[in-house]
Amino acid sequence: MKLVLMGLPGAGKGTQAEQIVEKYNIPHISTGDMFRAAMKNNTELGRKAKSFMDNGDLVPDEVTNGIVRERLSEDDAKDGFLLDGFPRTVEQAQELENILSDLGTELDAVINIDVEKDVLMKRLTGRWICRTCGKTYHEIYNPPKVPGKCDLDGGELYQRDDDKKETVEKRLNVNMKQTKPLLDFYSEKGKLHNINGEQEIKDVFVDVEKILASF
């Protein structure tokens, strides 16, 4: 079972990825993990990726694609995998097709966890952290007993800059603009399966299982 998992920040992609790899016994392959492994193993591509990252530059597609090719060629990925964080562009998606074709296989499905922007905003902007002990709260899903104060030590709760509304909205807009052509690409290929990510976590996974039952 060869899968790509997609979803905007706050959609619950990480939670579903954990459940998928556990139930179907396939490796969870994320871009970050691939880069770290390539650098740790000191491969030629790993060294190239490190040089770009050390300079604060984006790793170019040719390096990223090469690292993906190396990872998907490993024995544990022969019978299946869950790709997370790749592809991010149509060009990368086309290269993924080439890589899999060279390996004599193809993607089975692309699962997109779909959540409306206003729901994502509520999920992502509701996080507050205790200045004293670091305990995390969410104003909707896990609120403190007294607004603005930590349940454990009464410490002041604060919001990180990257959890503030303006920052979150900008990040979502960038992600939505980047993701749409990719969703269209996989939809035209007949590979795309959209799942309602606004349900309970367990119900989202039930829908995932229904899709994967046919593979």
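If you go along the chain as it appears here, the first residue is 1 and each next one adds 1.
The backbone N, Cα and C atoms fix where each Cβ goes, and this holds for glycine too.
Keep in mind that what you see is a predicted model, and the values were worked out from it rather than measured.
As written in Swiss-Prot, here are the features:
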type	residues	note
BINDING	Gly10, Ala11, Gly12, Lys13, Gly14, Thr15, Arg127, Thr136, Tyr137, Gln199	ATP binding site
BINDING	Thr31, Arg36, Asp57, Leu58, Val59, Gly85, Phe86, Pro87, Arg88, Gln92, Arg160, Arg171	AMP binding site
BINDING	Cys130, Cys133, Cys150, Asp153	Zn(2+) binding site
REGION	30-59	region 'NMP'
REGION	126-163	region 'LID'
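Positions of Swiss-Prot features highlighted on the structure.
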{"residue": "Gly10", "record": "ATP binding site", "CB count, 10 Å": "22"}
{"residue": "Gly12", "record": "ATP binding site", "CB count, 10 Å": "20"}
{"residue": "Gly14", "record": "ATP binding site", "CB count, 10 Å": "12"}
{"residue": "Asp57", "record": "AMP binding site", "CB count, 10 Å": "9"}
{"residue": "Val59", "record": "AMP binding site", "CB count, 10 Å": "17"}
{"residue": "Phe86", "record": "AMP binding site", "CB count, 10 Å": "20"}
{"residue": "Arg88", "record": "AMP binding site", "CB count, 10 Å": "16"}
{"residue": "Cys130", "record": "Zn(2+) binding site", "CB count, 10 Å": "20"}
{"residue": "Cys133", "record": "Zn(2+) binding site", "CB count, 10 Å": "10"}
{"residue": "Tyr137", "record": "ATP binding site", "CB count, 10 Å": "21"}
Close binding-site residues near Cys130 (Zn(2+) binding site), where close means Cα within 10 Å, chosen from Gly10, Gly14, Phe86, Arg88, Tyr137: Tyr137
Cys150 (Zn(2+) binding site) to Gly12 (ATP binding site) - Cα separation in whole Å: 25
Pairwise Cα distance for Tyr137 (ATP binding site)/Phe86 (AMP binding site) [Å, integer]: 31
Contact set, same chain, for the region 'NMP' (30-59): CB under 8 Å, 6 or more residues outside the stretch: 66-68, 70-71, 84-86
Where Thr31 (AMP binding site) falls in three-state DSSP terms: helix
Integer mean pLDDT for the region 'LID' (126-163): 95
Of the binding-site residues listed as Gly12, Gly14, Arg127, Cys133, Asp153, the one whose CA lies nearest the CA of Phe86 (AMP binding site): Gly14
Listed binding-site residues (Arg127, Arg160), ranked by Cβ neighbours within 10 Å, top entry: Arg127
Other CB atoms, at most 10 A from the CB of Asp153 (Zn(2+) binding site): 11
Winner by Cβ contact number (other Cβ atoms within 10 Å) across the binding-site residues Thr31, Cys150: Cys150
Alpha-carbon distance [Gly10 (ATP binding site); Arg88 (AMP binding site)] in Å: 17
By Cα-Cα distance, the member of binding-site residues Thr31, Asp57, Val59, Asp153, Arg160 nearest Arg127 (ATP binding site): Arg160
